Amino acid sequence: MLDVGKWPVFALLPPEELRLIRQACVFGSAANEALYVTVNDEVFALGTNCSGCLGLGDLQSTIEPRRIDVLCGKKIVSLSYGTGPHVVIATADGEVYAWGHNGYSQLGNGTTNHGLTPALVSTNLLNKRVTEVACGSHHTIALTSDGEVYAWGYNNSGQVGSGSTANQPTPRRVSSCLQSKVVINIACGQLCSMAVLDNGEIYGWGYNCNGQLGLGNNGNQQTPCRIAALQGVNIVQVACGYAHTLALTDEGLVYAWGANSYGQLGTGNKSNQALPTLINTDKERMVEVAACHTSHTSAAKTQSGQVLMWGQCRGQAVSSPHLTHFSSTDDVFACFATPAVTWHLLSVDGDDYMTVAQSLKKEFDSPEISDLKFLVDGKCIYVHKALLKIRCEHFRTLLNEMDEEAIEISQFSYLVYRAFLEYLYTDTINLPPEDAIGLLDLATFYRETRLKRLCQETIKRGISEENAITLLSAAVKYEAKDLEEFCFKFCVNHLTAVTQTQAFADMDHDLLKNFISKASRYGAFKN
């Protein structure tokens with residue numbers, strides 16, 4: 001559970017107010033501005049209010065929270081800020097609001113007048129649904145639901161991607177070589193912009209004197225350029241520091257490039273890198289990378305929940321990933337970044353009471369008030385008949401026909417069956433991808449459609465060159481079409497490595513024949 005108390009700007013809020021916070025962002029040159037959203041979807045601001053960045057309609061600083069009426073009920077889904085600072089949000093309805101510093105038209109309203117209250121950014125965006133926003137020092141980019149990128153503001157280095165260095169007063173589609181592409185993730189450094197495509201390619205544009213675009217040179221780029229050095233590597237997330245970039249691959253690897261005077265690339269030295277460099281993370285699979293354009297700090301989270309940090313850490317230069325005791329990358333920035341701002345919009349879970357879901361999770365596999373146990377592989381799993389009947393049609397029928405206190409299961413393993421029962425209590429599954437195949441089998445057998453989908457998502461997140469064929473075979477066996485297509489595309493994208501695995505050598509003859517035929521139609525064997 002995230003604790004906003006790690007950020008000093010919240011220190012004066014009473015406990016009853018802290019418990020209401022569900023989203024928060026800390027920003028400003030000294031981490032001295034904050035916005036937060038309560039459980040009632042009210043939005044509050046506090047801090048020094050530099051350039052009117054609190055959106056309160058004036059330039060008065062406030063040590064106590066003040067409500068931003070125009071944003072209440074808007075349901076913020078993405079938030080970013082510049083160094084002016086200016087603040088930009090995207091709402092659940094896909095609207096964009098901006099306020100604060102506007103000396104370079106970074107608010108996108110066609111003027112250079114500072115904005116004291118949140119104003120809708122409408123030019124070229126009225127019929128678009130924006131899902132994500134990102135700010136550099138004085139420019140803004142926005143990602144739409146159909147994969148388009150719009151940019152506006154300061155453009156001295158080409159960071160708006162318009163093909164010139166003239167400032168862009170209103171949102172403009174970043175086209176050029178992104179014209180027919182679908183972007184899924186965006187990020188900004190101080191003076192550059194990055195975009196990840198749905199096919200795993202990554203593009204950068206803007207300032208490049210530290211090599212932060214990963215192009216192998218130090219020349220600024222006025223339009224998006226693909227990072228050719230990552231050809232064949234599928235990127236799923238990008239994060240930008242002040243002048244360095246981190247990218248996460250679909251196999252959980254981390255690449256870094258750009259400025260490195262504080263060790264922020266994690267390469268073990270302080271030499272800048274103009275080309276993507278693979279970071280040594282002790283073979284741990286990463287699921288998130290984190291950086292912020294205001295600092296030289298880097299962080300990453302492993303599949304097992306461990307958090308690593310490197311770069312500038314409270315004045316120290318940490319040049320290799322360092323294992324922390326933190327449970328979230330957010331904690332790295334709260335405790336070690338300078339300034340200690342948030343790298344993205346925080347989501348905060350309340351802990352003042354246990355919800356129904358939390359109470360059910362606590363009672364799963366607890367013998368104290370259980371009225372039924374399953375015996376699987378000689379081990380007991382304790383459950384509650386009423387909940388099983390409510391949650392699963394199979395158990396409703398089974399338990400209405402019998403009144404046993406213990407049921408023996410032999411068709412499925414303990415690990416898989418326990419995960420299934422736990423899912424009925426929690427709506428989530430917690431299994432490695434190889435074991436999720438067994439759960440997929442169970443979900444198919446019990447006709448649990450949602451569980452089947454969750455299994456497929458788990459398998460997707462855990463796919464690698466070693467297990468891709470095994471997972472593809474399972475997808476075909478259990479008629480999981482979406483998963484089959486995902487695994488097939490992964491195999492084609494990593495064809496050379498996949499065909500050298502033992503699983504490929506042991507592949508079923510008919511499946512192999514179909515795979516080769518489909519891969520051929522896909523163009524995998526063209527020179």
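Placement of Cβ uses the backbone N, Cα and C atoms for every residue, glycine included.
Summarising the annotation, TrEMBL assigns repeat 'RCC1' to 41-92, 94-146, 147-199, 200-251, 252-303. Taken from TrEMBL, the feature domain 'BTB' applies to 370-433.
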**Prompt:** Per DSSP, what is the residue tally for the domain 'BTB' (370-433) in helix, strand and coil?
**Reply:** 30 helix, 14 strand, 20 coil
**DSSP helix/strand/coil residue counts for the repeat 'RCC1' (252-303)** = 0 helix, 23 strand, 29 coil
**Request:** Could you pull the average pLDDT for the repeat 'RCC1' (94-146)?
**Result:** 97
**Request:** Write out how many residues of the repeat 'RCC1' (41-92) are helix, how many strand and how many coil, based on DSSP.
**Result:** 6 helix, 23 strand, 23 coil
**Asked** For the repeat 'RCC1' (94-146), what does DSSP give as the number of helix, strand and coil residues?
**Response** 0 helix, 23 strand, 30 coil
